[in-house]
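Take a look at the structure set out below.
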């Protein structure tokens, strides 16, 4: 029995496309053994195992955020005096030093992280080698992020075929490193080509669950317990929830309730905010379904007329797959500001509205929602533009690339370089 290892971990943004690929692989080749490697919450592990796939838990080793040379340079340049020696000038505190105490601690921590890194890397690499020798995969698929790093590098060391996938428009550090080792690179957006010049890229789109594409609206509303004929808003903060988005949505309820009767809300809150947000909706007369998490994400997308969400790559891919208009609030602390880059792509195509997190408020959000609700023509145009961006064959194309690599695998006896 041939085996495919899929390396993914962390959030649903990496795990859900891994699941979509695993299901499509199994459908194309019933005899395949699918192994997901990485670290995930119990609910995600349960989801994979329930589908009949193997989940092998493995810690991801992350590169320190600051480069090694910068960490060394910063350590050598630290000359900050104790706060009690601050100089006074013009009646104001004027501390003329290179960095604050907080920044000094961060520099020290980054330097210490680099000192520890080799001692974490070697045992983790050997554990990954052991895992690959145990399962003997024909292909290793990296879904981006730190969880992909060691499995793809170790597979390259063992001369196992590899494919990596980059979901965001702006590729991450892991993808840039692995692009020198991977056999194939699948990307979600045409625009990613300019960030990975000279690489052999497959523009596949981002894999989404087949059910998201196929789910019927009437059946979805019925399963959610919501009536048809209402304008349905979906608040979606990603797989882990989004605290500021949750609170702002709750703050907008009064304005929405006063201005619009023919309206209902679906809100995925994440586990942390669920009890608090649930209580707020219970006090409102607006019809609502509030959930911490759902395995059947196809239902919430199929029921929605408008989505208010963060701007993770998988979120915007799923929104486009359903041809939904959106109000996007990028996560302000995302590395490389990649969520804002994702959101601006949809804004440029006139498929979404962007509100920065620092500009977000209940009244502002309610105004934007009500404005779109009343402007049916604009809403329809945004929906059409969103659908144009969709790549409904993304999962199939990615799987075709994996199976093509698998066919070129001669055997499962690996030789080290």
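Yeah, the Cβs are placed from backbone N, Cα and C, and that goes for glycine too.
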Of the residue ranges 79-98, 139-158, 159-178, 179-198, the one that TrEMBL records as transmembrane segment: 139-158
Stretch carrying transmembrane segment according to TrEMBL (options 14-33, 34-53, 54-73, 114-133): 114-133
Per-region confidence, the domain 'Glycosyl transferase family 28 C-terminal' (232-394) (mean pLDDT, whole number): 93
